[in-house]
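Chemist: Under the heading compositional bias 'Basic and acidic residues', Swiss-Prot lists 1-10. Taken from Swiss-Prot, the feature region 'Disordered' covers 1-24. Feature annotation from Swiss-Prot assigns compositional bias 'Polar residues' to 13-24. The N-linked glycosylation site annotation in Swiss-Prot covers ASN22, ASN124, ASN332, ASN361, and the record cites sequence analysis as its basis. Under the heading transmembrane segment, Swiss-Prot lists 32-52, 75-97, 103-123, 133-153, 161-181, 193-213, 265-285, 307-327, 339-359, 370-390, 396-416, 427-447 (among others), citing sequence analysis as support.
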Amino acid sequence: MATVGTEEKNPIGSASNTAEPNVTEPQKQYASGFKLTIIVISLCLSLFLCGLDQTIITTAVPIITNDFKAIEDVGWYTTAYLLTTSSFQIAYGKLYTTLSVKMILLMALAIFELGSIICAAAPNSTTLIVGRAIAGLGAAGIFPGSTLVLVHAAPMERRPALLGITTGMFGIASLCGPFIGGAFADGASWRWCFIINVPLGVITAVIVTFFVFTPVDPLYAEWTFKDKLAYAKIPEILVLVAALVCLVLGLQWGGTTYAWSDGRIIALLVVFAVLTTAFLVLQVLLPKSRTIPTSIVKNRNIWFASIFALCSSGAMFIAVTYLPIYFQAIKNASALSSGVNVMPLILGFLVMSIISGVITNTTGYYNPSMFLCTILASVGAGLVSTFDVGTPQPKWIGYQALLGFGIGFGLQQPIVCAQHVLDERDVPFGVAFINMMQMLGGAIFVAVSQNVFLNGLANGIAEALPGFNTHKIIEGGLTDFKNLFTSDQLPKAIPVYAHVLGQVFLIATGLCVGTLLGSLGVQWRSVKKAKVTEDQADVERK
């Protein structure tokens, strides 16, 4: 069985000077029956936790911005979470490779719980953003960890269907999230959106502790803990994190808080370019500092799958962030009602994520689901961008459902692709890389959407209401902005708000169209053939 290159296997210290042990791999033993059921339940709980945390806040954001008077932070509550989630995917992938998957997963759950507690107690918007970033750091390990437990527990031919179930549970959480978040925001407090994570996280940790077993790869058994930690390349990851923070700050502040020509915006974008260049130089010139394994860098399927993941996930996060705003600000819905109104999107995603797993399991190919995603999501997002003040219920239900169907077909396929085209020892890196691109798509394009939203709103109001002080809009909340206008001004302001949201959804449309590049680039390879190869390898070991 091929392994990653030498530069990725030997970090520093004693392990790097020790010859690789001659390890005879035992026949792979997979879980079945009751044990496999318990494992799948634990994975469903962990992904339910993450899925709930991603969407439960969406319907509460307008009320949060009203409380903190921070409409300019509307995107940060999502971006901060996704930024840390995406940036540390590869670091977690390396930790999962050399250390116990179970141990790292429990650590990630603990970090996630800490972030949730900080969010629940946040006295201001800045503290809430910090808490979201910490929770995202924990979620970064939960996503790949749950998938890798499944890799250890189930044979290849069963993984697509089981992955469909676990992804479906993520979808169920996503479905429940807006409804639960809206109920908390209207009835009790938006802080309960984060308090609820504590008991759910504890239950998940208990099940993982007592029922999940993931052996450490014998290839790394002789490595010291210091060597294993060095292998994660944390300093290099921090360079990437700093670069992404500069990019996001530049994209969110440019044209709103500061002019694009302002020295601070220029400095942020220049620092982003310098740090990104430094990160790439480390990857090319210093093999021992390489964060992304050579086997992944040279694999075209991973790169095209990553493009697909970046675009599809970016579109999904834009939709779940701004659709509740549309319903609350334009349709005068309560937080709870807006959660109900976005259910066509989430339910469509849920249903098709499960069906796509069955299709892949039946046909042996993940490519058809990727093309269906491109077609349906592009049409659905384009129709959603036409939402205005008078859009009737049948249209906003059907258009959302179509978008959800499309994204549901494709969102899990890049992960299935990574599991299929990579050697088993490279799967942790591949899954982590795909997850990183998914979260990065949300972080970047939600930031872009916030910029378009705030700029468009300020410029649109200035044009519709000459002489109006647009700075009042930035200093207010998402829904109480209506109190800024007189009864004569409001009929002119609301259509501007709706038009700007339509521009935001056009960004999602462009991303859905962009998934076509990934769909075309991924090679057609049968998952069923992988099963035959796996069986032959088991026979040879015997």
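Placement of Cβ uses the backbone N, Cα and C atoms for every residue, glycine included.
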Chemist: Taking just the CA atoms, what is the gap between ASN124 (N-linked glycosylation site) and ASN332 (N-linked glycosylation site) in Å?
Modeler: 26
Chemist: Grab the same-chain neighbours of the transmembrane segment (370-390) for me: Cβ-Cβ under 8 Å, and only residues 6 or more beyond its ends, written as numbers and ranges.
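Modeler: Hits for the transmembrane segment (370-390): 308, 312, 315, 319, 323, 326, 330, 356, 396, 398-411, 413, 494-495, 498-499, 501-503, 505-506, 508-509, 511-513, 515-516, 518-519, 522.
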Chemist: Please classify the secondary structure at ASN361 (N-linked glycosylation site) using three-state DSSP.
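Modeler: Once the DSSP labels are grouped into three classes, ASN361 (N-linked glycosylation site) ends up as helix.
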Chemist: Near the Cβ of ASN124 (N-linked glycosylation site), how many other Cβ atoms are there if near means within 10 Å?
Modeler: 11
Chemist: Count the CB pairs under 8 A between the transmembrane segment (427-447) and each of 103-123, 133-153, 161-181, 193-213, 265-285, then give me the winner.
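Modeler: The stretch with the most contacts is 133-153.
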Chemist: At 10 angstroms around each C-beta, which of the glycosylation sites ASN332, ASN361 has the fewest other C-beta atoms nearby?
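Modeler: Comparing Cβ neighbours within 10 Å for the glycosylation sites ASN332, ASN361, ASN332 has the fewest.
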Chemist: From the Cα of ASN361 (N-linked glycosylation site) across to the Cα of ASN332 (N-linked glycosylation site), what is the distance in angstrom?
Modeler: 44
Chemist: Restricting to the same chain and to residues at least six past its boundaries, which positions have a Cβ under 8 Å from a Cβ of the transmembrane segment (103-123)?
Modeler: 46, 49-50, 53, 92, 95-96, 130-142, 145-146, 149, 191-195, 197-198, 201-202, 204-205, 208-209, 212
Chemist: Which of the three DSSP-derived classes (helix, strand, coil) applies to ASN332 (N-linked glycosylation site)?
Modeler: coil
Chemist: For the transmembrane segment (193-213), give me same-chain residues lying six or more residues beyond its boundaries with a C-beta closer than 8 angstroms to one of its C-beta atoms, as numbers and ranges.
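Modeler: That would be 35, 38-39, 41-42, 45-46, 48-49, 52-53, 56-57, 60, 102, 105-106, 109-110, 112-113, 116-117, 119-120, 131, 135, 149, 180-181, 184-185.
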Chemist: Residues sitting near the transmembrane segment (133-153): Cβ under 8 Å, six or more positions beyond its termini, same chain?
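Modeler: Same-chain contacts beyond the flanks: 30-31, 36, 39-40, 42-43, 46-47, 49-50, 53, 80-89, 91-93, 95-96, 101-102, 104-105, 107-116, 118-119, 159, 162-163, 166, 197, 212, 214-215, 415, 419, 424, 427-428, 431-432, 435, 439.
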